[in-house]
Amino acid sequence: MTAAQPEEPYKLAIKALQRLRRKLIFGILSLLLLTASFYIISPHIISLLQRHLNQELAFFGVFEPFLALVKVAIVCSILVLIPYVLWLVWLVFCEIFGFKRRTGFLFILVGMLLFYGGVSFCYFITLPYGVKFLLSFQKENIVPTISVGHFVNFCGMFLLAFGTIFELPLIMVLLSKAGIINPHRVGRFRRHAILIITILAAVLTPTPDAFNMALMAVPLYLLFELGLICSKLAVKK
């Protein structure tokens with residue numbers, strides 16, 4: 001008799017997601033409920049974002065103000081649900097790679113600190129300087145009229161993108177512990193990493209200018225180096 005072949009990782013991932021189906025449904029329902037709740041205070045949140053702009057916002061369509069409020073509510077709901085998302089990710093990794101569930105609290109705590117740290121970095125540093133830089137191209141015969149829809153998209157994408165890329169050290173540690181990547185080998189390809197980071201910054205940054213790309217690329221590279229150090233320490237244990 002032939003020995004049973006081990007299941008491929010993607011099949012294990014599908015099975016893990018099927019087991020977590022109820023939790024996924026609960027997460028979606030929570031997202032809808034939170035979106036409805038945050039919709040009430042969305043105008044105040046837009047006012048907080050508008051401080052970086054220091055000018056009035058306009059709209060060019062009948063539905064644009066409503067859609068802008070909904071988008072703000074969705075982004076805020078996602079930010080609140082990040083601990084739940086991290087918990088689901090941890091459960092999937094436990095199912096596939098057999099990680100100890102008791103260490104999930106540490107994973108969620110570190111993931112929250114990194115994600116909300118990225119969001120804070122974006123709100124207090126990247127957005128103010130990024131908006132100021134972009135508006136510096138204003139000329140006497142060019143008056144900026146910024147729509148609320150475009151501004152909400154700009155801020156929302158920036159906040160979520162920075163929160164996500166700040167998870168890089170944690171992702172690298174997870175992949176190293178799972179045996180998917182070898183941190184010692186990855187460290188030999190820093191030039192390739194810089195190229196990939198530059199491409200990621202270009203894709204994730206809402207605007208293609210070099211200044212805003214640098215605001216994302218530099219922290220991303222530092223996070224890569226931090227992830228490399230943490231991954232090597234994690235593998236040694």
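Using the three backbone atoms N, Cα and C, a Cβ is placed for every residue, glycine included.
Because TrEMBL annotations are produced automatically, they should be read as predictions rather than curated entries.
Feature annotations, reproduced from TrEMBL:
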| type | residues | note |
| --- | --- | --- |
| TRANSMEM | 24-46 | transmembrane segment |
| TRANSMEM | 66-93 | transmembrane segment |
| TRANSMEM | 105-131 | transmembrane segment |
| TRANSMEM | 151-176 | transmembrane segment |
| TRANSMEM | 188-207 | transmembrane segment |
| TRANSMEM | 213-235 | transmembrane segment |
For the transmembrane segment (188-207), which recorded stretch in the set 24-46, 105-131, 213-235 gives the largest number of Cβ pairs separated by under 8 Å?
213-235
Between the transmembrane segment (24-46) and the transmembrane segment (105-131), do 3 or more CB pairs sit under 8 angstroms, pairs being 6 or more residues apart?
no
In terms of Cβ proximity under 8 Å, which residues at least six beyond the ends of the transmembrane segment (213-235) contact it?
118, 121, 125-126, 129-130, 161-162, 165-166, 168-173, 175-177, 181, 183-184, 186-187, 193-194, 197-198, 200-202, 204-205
